[in-house]
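Comments concern the structure below.
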Amino acid sequence: MFPAGPPSHSLLRLPLLQLLLLVVQAVGRGLGRASPAGGPLEDVVIERYHIPRACPREVQMGDFVRYHYNGTFEDGKKFDSSYDRNTLVAIVVGVGRLITGMDRGLMGMCVNERRRLIVPPHLGYGSIGLAGLIPPDATLYFDVVLLDVWNKEDTVQVSTLLRPPHCPRMVQDGDFVRYHYNGTLLDGTSFDTSYSKGGTYDTYVGSGWLIKGMDQGLLGMCPGERRKIIIPPFLAYGEKGYGTVIPPQASLVFHVLLIDVHNPKDAVQLETLELPPGCVRRAGAGDFMRYHYNGSLMDGTLFDSSYSRNHTYNTYIGQGYIIPGMDQGLQGACMGERRRITIPPHLAYGENGTGDKIPGSAVLIFNVHVIDFHNPADVVEIRTLSRPSETCNETTKLGDFVRYHYNCSLLDGTQLFTSHDYGAPQEATLGANKVIEGLDTGLQGMCVGERRQLIVPPHLAHGESGARGVPGSAVLLFEVELVSREDGLPTGYLFVWHKDPPANLFEDMDLNKDGEVPPEEFSTFIKAQVSEGKGRLMPGQDPEKTIGDMFQNQDRNQDGKITVDELKLKSDEDEERVHEEL
């Protein structure tokens, strides 16, 4: 694109071409015709030997035209040619600046039309001729091609070739635009194109950076719209033209594709595409968010997508880790929300752009799906879904052995795990670090038969690294139902009595009274204590294995039997250990 040039008011200098065709009007007999008897011509003879298919306008009286011609006599001898001077004729038609025959011969012509004109002497240079060039009473033959036509009353002509169905905004004065264009003269001669430069033409509209006609022609355009803009020379480069590519007094034709538009005063634009019901929390500065996105330019060109990487984009918002426009655009979003975020370049990558996919001064459009977000200060969110109808006197606490069913999913509904796949409830001892901290917390204080929903932030789940099947930094949603609970055992205990242990423990355990207790007697004694309700084993473990571990602990010398000296209660061992430490 060429810059706007200063207006020109210099007088038109007439070359020899115009001097030949100037106001030398013979005394004629008006609009006559060729003599039927083959005598002298009474009027101009016009042969239209090439007529273009499209003719949007025809030359009228008072129009300014630019044309090439060859002038010859009847014998074919050339007396003048604009081609020889490589200079078009540029002149007003019908105001006496041309010989009458040429004035009449140009009327009704279309751009790119070719005509042969036969001008009789009385409509040419008459009985006087033009000294040294045109003899008296000469009939003149002209071969003319019209290249341009305009009128001082013309305005910019705008034709919309393609308009997108959705138009988020239209160009106004003061906006900054990026567009592609092809520039031609009215006869189709190309003089410039942005496509050959490998980038759009970027400029402000209505600020004097463009020729006046282009300033006007871009107004009201939508991103993605295609226009044809015809600009008369007095709204383009006027009498001086531009360099060697745009001649003086040339009408210009631009085919324009608007890529994007913004204003330096623009803020981030938000459009909610889908809002899930029951949004109880919106993202704020300092939250950590996981989201999917498609990023495109204003014309729809995709430059990036998290979906192509099969991984969410994970970041803190409102803390400068992402471009300012995205930082702003993500705040206030709900989990599961889909929104469109339009970011002007001064809140994105500015005048320089980034990489080879985001050009300078580009407006960016992100279609975002918020998967989840959390704050490092978040705790487990607990919501009771249902409670048993009967009175609940005992609830779960640290150390309890619990059985529960659960479904675990991401906040977008993606199911990860369920206990129903295993055909039995999950088992855990609360506070024993056997489940993630958030689930451990959420299972406490429950009644048997109660159902809860737990929202567990990642720092109380699987953290930034995630786990098998669990993405990093994922917030987890659990639905849990408590099936049963049992009081647990103190840490380090495999068996406890409900009351005091027997006073003569070894004698009671030595069933055959031989002074030693083999594994069979030990197992029989412990099982009897459990069945009689005098004691209980660690819940959730295989009783045989637990009893075997207890026997191994008491068989100090590992000889396969327990003696009275070896048998000690854990409480006695703990007291001895404390005494030794003291």
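In case you wondered, yes, glycine gets a Cβ from its N, Cα and C as well.
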Correct range for motif 'Prevents secretion from ER' (source Swiss-Prot, candidates 83-86, 135-138, 215-218, 579-582): 579-582
Fewest other C-beta atoms within 10 angstroms, as judged across Asn70, Asn294, Asn310, Asn407, which are the glycosylation sites: Asn310
Stretch among 286-374, 399-486, 497-532 sharing the most Cβ pairs under 8 Å with the domain 'PPIase FKBP-type 2' (174-262): 286-374
Cβ contacts under 8 Å made by the domain 'EF-hand 1' (497-532) with residues that lie 6+ beyond its boundaries: 543-544, 547-548, 550-551, 554, 560-564, 567, 569
Asn352 (N-linked glycosylation site) versus glycosylation sites Asn70, Asn182, Asn310 - nearest by Cα: Asn182
Distance, Asn310 (N-linked glycosylation site) to Asn407 (N-linked glycosylation site) (CA atoms, angstrom): 24
